[in-house]
Structure formats: structure tokens, C-alpha cells
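Okay, structure first, notes after.
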Amino acid sequence: MPSYTVTVATGTQWFAGTDDYVYLTLLGTARCSERHLLDKPFYNDFERGAVDSYDVTVEEDLGEIQLIKIEKRKYWYQDDWYLKYITVKTPVGDYLEFPCYRWITDEKEIVLRDGRAKLPRDDKTQILKQHRRKELESRQKMYRWKEWHPGFPLSIDAHSHSALPRDIQFDNEKGIDFILNYTKAMENLYVNRFMHMFQSSWSDFADFEKIFVRISNTISEYVMQHWKEDFMFGYQFLNGCNPVLIRRCTEIPKKLPVTMDMVECSLERNLTLDEEVKQGNIFIVDYELLDGVDANKTDPCTVQYLAAPICLLYKNLQKKIVPIAIQLGQKPGPDNPIFLPSDATYDWLLAKIWVRSSDFHIHQTVTHLLRTHLVSEVFSIAMFRQLPAVHPLFKLLVPHMRFTIAINTKAREQLICECGLFDKANATGGGGHVQMVQKAMKDLTYGSLCFPEEIKAKGMDSKEDIPYYYYRDDGIKVWEAIKSFAEDVIHIYYKSDEVVCEDVELQAFVKDIYVYGMRGVKASGFPKMIRTRETLAEYLTVIIFTTSAQHAAVNFGQYDWCSWIPNAPPTMRCPPPTAKGTVTIEQIVETLPDRGRSCWHLGAVWALSQFQDKELFLGMYPDEHFVEKPVKEAMAKFRKNLDEIVSSISERNKNKKLPYYYLSPDRIPNSVAV
């Protein structure tokens, strides 16, 4: 009688250990096998990380094995089982791999296909077509769209982390409990002793060191020492944690009536301001999005303020970017002066602090929350709804969706919800952050997520003109590596553009993103369908780059650049100055966050800057969803390219006082998971 050797691999994820009955059925082209008992209570198989083998004998030849069915039936109490994969050795010595990487919960059964990736057109038998259809029907019931706030990208329909499908939950929910993590952060940072002084002001700038001394690192300490300098102020627009706003100024806007007399002493080339603009030496950052956003009113004891500054910058003869003019409001007038480097020291310093505070708000809510977290969740939900596990694009994308829906759901529970942690320290809390996302949606376009295209659109693409823009340089290298990998995988499965056009699951995936993520807004530029392999490669690169590199670039530098409170104030307690010559050091300290809010902010940026335990970085794919040799070769090539980027970044950073490493692939997690 034919005999099959079945090997079952259990994951190392936390679970109780299955003491249930486990049955296996092999489904072949000729017939199905009997239902075989693999494990029963107290046999101690399927322990954490175990690989168990079984001989399965059948009466007649089953033909080619198409599917295998695993059933788990409760014995005494219910536990969950994380199944990694099953391999089957056939009677003629062939090996078949059946990837799973899913939880089997309750008294459920799971039906697996072998690991060879297949497009819909590749399935010829009714049983495989039916399996594909049923999987998507089941997923679409579990992964439902929901509007969290009007105007937002749609998110997952789940009120809490525990209500999510088990497969996308964190292994340990405590690991992503924001309240627990922030409290732990403040304990680690030795700032708990200040929390009872919530509305109490600091005495002076040096007083901020009381919550800083124990936790300084290379960059944060350098920021503390140099934050007042114009060079440091300008440098952050290129390589800080929000390096996405600066653009080349092609025309001084009428709402910023800067004159040559104002900035002449800042210009170094004996050119007029207009000539400097024409030569490409003037840059601008405009925080217009903050205009009209309501400041936080959740604490009746502390009035909080927002501003919408416009900052003009100049590339000096050393090709460094420095500020030359700041207007703190959008409407020019006598009560909205233009602050200049030639002004009194504290006038100029407070103007720069207001810009840094505004930059922090745009960074947290638009650059970070909307353009990485919420967008990545759209990609994740659409993937689970429209791409079955056998689809090559599911296999390609699933590592880059790991825990994204879970972290966002937890954030909606604790962080950015009404009365959440975000309200405690941020001037955009209490609803301002919601208004900001709603306003920012108009600028969330497909083109703006294409990294090289967006850099070029801002006039920031010339390495010769702007040689110290490491975010651009490293980002383009990583983008190209990801795109090359995507192209390699696409050419394995899509032999022509026609195959792309007729892939109904791919087109449904793209349509879901456009209709639900971008709310069907034509101006978003998101495609409704994809017709060529070239377009598909770019589309997949946008997804993988956004969920990995872009998030890393704007997330993991938060402690470095924002832990020195005067450099990134999360709130301001006095309104922007309306006249020059009135600012004192005492006024600045009274404007900066109080002790309690400083501590909450510090705990937040520390916690958000930490990698997950057992983090998987770009190119690390321990779950073998792909089994084909050509794809594994493409993965090896991808890792080689990434290693070369790591080496070049490491070489550049040698002996730098301000190393830039956020886009080094060995520091880029595969997915948005923190």
C-alpha cells in the first residue's frame, strides 16, 4: 500500500501547546485519503518549535496531491496552534511543501495548497478554483472595511485588538500596550518624579537636562548642544525625522512679503533675492496645513496654541541649508512680522522653536500616521481581501504587512482616540490631529508615494546642488533595490502584459485600494487597474517601500531628534509673538511644554523609536511562502543588493558627528509594526 511521510512544523509563537485531536486528510487528483489521526491528547506532539513526522499509509494511489486538510478537535480545553508548514514525501520520493504560517483556533479545520505560487489562470481543476474562491470569501467576511473618521482612508472593522482575526494579532498583546509602554519608558528614563508637577514650568533651558542626562545618545546629545544654531535648524529639514517637507522655492509667495533689505545680510553670493531664487538657492517649508486647526482644549488648566509658519531657507556657499526668514502665520500684516537672523537673539530663537513645534505636528500626524501607518493598513486589508495565499503577490507582500493592522487598531484604542494618550502632551490632541488628516488627504497622491518622483517634484533631486541630503540618497538606493526585486518576481509569474491585465485578483486588489483607501478620489492618481508589468513593478515598489523604508525613515529617529524638548515641542503654552523686540528667555520657557507634558512626550518618542522584539528587517523572509528556486534566487540577489547599501552607508557614516542610518536596510523593519 502506498505510504506518505508527513512532516509538521509548529511555530515558536506563544501558545498553550495543542492537547487536542489533530487529523490529516490528503486530497489527490485520483481520490482522497482516509482521515488520519496525527496527534491526540497527552502525546506531546506539536510543542513550540517542534518538527514532527508521521507515516500515512493509504489503500490506493491518490494521484497528484492537490490539497491537504488539517482538523483540530477539542479534548478538554481550547488552545490555539500556530502551524508553520507541512511537507509531504510521496511514495515515489517527491517532496511537496504546504506553507501555512497561520493559527488554527477553536475546533477549526484548514485546507492548504502546495507552496507553488499560482495565478488565477493557472488553476485548471474545479477543486482548486473552488478552494481559491472559498478562501477569499472567508477572508472578506473577516477583513471588513470601516470608516473611523469621515475623510480618512478606511480601516479595519474591529473595535479592539482582541477582535481582530487571530492571524494578524500580535503574539503578545502586552508588547504593544501603549499605556504600559509609555509608563515603562518613563520609568526607564527616570522622569516619573516630575509627573506630579504637570502644569509646572521648567526654570530655564538647562533645566530640561534633568530629564535628559541619563538617556543621551550620539545624535540626541549633539542636538542638545547645537539646537540653537541655524545650521542644525536647516539640517533637520534634510535628515531629521521629517525630511519630506522642504522644497526648492521657484517664486517667493505673496503671503510671505520678504524683501531684499530683510535678507541681504544672509545672502553670500552678491545676488539679489530674485536672482538667488532663479539660481535655485532658495528653499521653502510651508506649514499651511496647520492654519485653522483647533488647538488642544482637553486640559482646562492649560491653554495650548498652534501656528502655521512659513520658513524661507538658503543654500550658502558651503552648500549648507540655513534659515533666512520666518513668518509665524499665513496672512501677512503688522501683527505677523517676518523674523530674521539679524533680529534680537530671543526673537529669532522663539521663531525657530515655533517652526520646530509645527514641524513636529506635521510629522506625527501626516508624515508618520497618515502617510505610513494608515496607508499601509489600506494595503494590508486589500491584500487579505483580494489575494489568496497561493497568489505570488500575496506571498511577496505578506511579510510587509506583518502586525500593521494590529498596531493601528491598538493606536485607535489607546493613542489617537478621544481622550487617548495623544491628548496628554500634544497641541493637536483633542481632535486637531483628526482635522489635519482630513485636510492632508488631498495631498495624498500615488505620485507622492513614488519616492524618486516626489523628490524630483520638490526640486530636491540634484546631488550636486544639495550634497548633504542623505534621506534622498539612501532612499533612492533602497527604492531601486526593492524595484529590482519586484521586477524579478513579476517576470517569473507574468510572462507578458496581457497576463497582468487578465489577473482578476490583482485588479480587485488594486481597485480595493483605490475605492476604499483613496475613497475613489480620481485626483489621488491611484490606478483603478494595472495593465503592464512595468506599472505593476512600480506599484509593488510603492507598497513595499512605504511599509518598510519610508516608515523607518520617519519613525526611528524620533528619540534622536525630538527628545531634546526645545527642539521639538509637542505643545506651546503662549501664543506666537505679534511684535519684535519683546521676547525674553523667561517668555520662551513659559511657552515651552510644562514638566508633565515634557515627560509624556519623552516617554512617547522613546517608546516609538524602539524596534520590536525579534524584529525582521528588510529582505529577511524566514516564513517560506515561496518554494520555487527562481524566487529564492531573486531573494538572495535582493539581500546582496541590500548588504551593499548597508556597507556604503556604514562607510559614509564613519567619523560623522551626525550619522544618518535610518534608511540603512539593516535598520529598516519589513513592516509598520510600531
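Each residue, glycine too, has its Cβ placed from N, Cα and C.
According to TrEMBL, the features are:
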{"type": "BINDING", "residues": "Gly17, Asp79, Asp80", "note": "Ca(2+) 1 binding site"}
{"type": "BINDING", "residues": "Asp39", "note": "Ca(2+) 2 binding site"}
{"type": "BINDING", "residues": "His368, His373, His551", "note": "Fe cation binding site"}
{"type": "DOMAIN", "residues": "2-118", "note": "domain 'PLAT'"}
{"type": "DOMAIN", "residues": "118-674", "note": "domain 'Lipoxygenase'"}
{"type": "SITE", "residues": "Trp103", "note": "site 'Essential for stabilizing binding to COTL1'"}
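Along the domain 'Lipoxygenase' (118-674), the predicted structure has mean pLDDT 94.
Take the mean position of the Cβ atoms of His368, His373, His551, the recorded Fe cation site; other residues of that chain with a Cβ within 8 Å of it are Thr367, Leu369, Arg371, Thr372, Ser376, Gln550, Val554, Asn555, Val672.
There are 21 other CB atoms within 10 A of the CB of His368 (Fe cation binding site), with all protein chains counted. Counting other CB atoms no more than 10 Å from each candidate's CB, the binding-site residues His373, His551 peak at His551. If you measure from the Cα atom of Asp79 (Ca(2+) 1 binding site) to that of His368 (Fe cation binding site), you get 37 Å. Across the domain 'PLAT' (2-118), DSSP classifies residues as 0 helix, 61 strand, 56 coil. Spatially, by CA atoms, the binding-site residues Asp39, Asp80, His368, His551 include one closest to Trp103 (site 'Essential for stabilizing binding to COTL1'), and that is Asp80. The binding-site residues under consideration are Asp39, Asp79. Their Cβ neighbour counts within 10 Å are lowest for Asp79. For Trp103 (site 'Essential for stabilizing binding to COTL1'), other Cβ atoms within 10 Å of its Cβ number 21. Between the C-alpha atoms of Asp39 (Ca(2+) 2 binding site) and His368 (Fe cation binding site), the distance comes to 47 Å. Around the Cβ of Asp80 (Ca(2+) 1 binding site), the number of neighbouring Cβ atoms within 10 Å comes to 17.
When the Cα atoms are compared, Asp80 (Ca(2+) 1 binding site) and His551 (Fe cation binding site) turn out to be 32 Å apart.
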